[in-house]
Amino acid sequence: MHIEQIEGTLSAAGMRIALVVSRFNDFIGQKLVEGAVDCIRRHGGSEEQMAIYRCPGAFELPMVSKKAALSGKYDAVIALGVIIRGSTPHFDVIAAEATKGIAQASLETMIPIAFGVLTTENLEQAIERAGTKAGNKGFDAAMTAIEMVNLYRQM
């Protein structure tokens, strides 16, 4: 018995990608952008095929990501942001809605929207996940986007 195995490759050559980035906690968000751009370049993509959309906060990421996906200009969207827990329930609400909204936007548009939103307990954890001790989640999200576009192309 032979079962066909289909998976995406990691070539971004010719791929058009939108990065949607929240400005809140921008000093960390910019590191996520740098990680994503680095990943796309390392896998054959070019800056000419990328666009960066900046929105106020993580709550707006799903709306802007969906709009970019529906534009027909992009093969994938990468949503990047930073949500750090504070002393109120605001963190839980924003983290849940951003996560749910990004997933819903991807399902509704059938365009891969990679989730690169940090949800951390404190500033130190966010910094670690934006390029220091724990890798760069922007880089990881870009890898997901690239792989998903190539998987979709084989379906």
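Placed from the backbone N, Cα and C atoms, the Cβ positions cover glycine too.
Record features, source Swiss-Prot:
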- Phe24, Ala58, Phe59, Glu60, Val82, Ile83, Ile84, Phe115: 5-amino-6-(D-ribitylamino)uracil binding site (BINDING)
- Ser87, Thr88, Arg129: (2S)-2-hydroxy-3-oxobutyl phosphate binding site (BINDING)
- His90: active site, proton donor (ACT_SITE)
Candidate binding-site residues Phe24, Phe59, Val82, Ile84, pick with smallest Cα gap to Arg129 ((2S)-2-hydroxy-3-oxobutyl phosphate binding site): Val82
Closest of Ser87, Thr88, His90 to Ala58 (5-amino-6-(D-ribitylamino)uracil binding site), Cα positions, recorded positions only: His90
Fewest other C-beta atoms within 10 angstroms, as judged across His90, Arg129, which are the recorded positions: His90
Pairwise CA distance, Glu60 (5-amino-6-(D-ribitylamino)uracil binding site) versus Ser87 ((2S)-2-hydroxy-3-oxobutyl phosphate binding site), rounded so that it is a whole Å: 22
Under 8 Å by Cβ from Phe59 (5-amino-6-(D-ribitylamino)uracil binding site), counting only residues of that chain that are 6 or more apart: Ile94, Glu97, Ala98
Cα-to-Cα gap, Ile83 (5-amino-6-(D-ribitylamino)uracil binding site) vs His90 (active site, proton donor), nearest whole Å: 10
Among Glu60, Ile83, Thr88, Phe115, the most crowded of the binding-site residues [Cβ within 10 Å]: Ile83
Number of Cβ atoms other than its own within 10 Å, given for Val82 (5-amino-6-(D-ribitylamino)uracil binding site): 28
Secondary structure of Ala58 (5-amino-6-(D-ribitylamino)uracil binding site) (DSSP, helix/strand/coil): helix
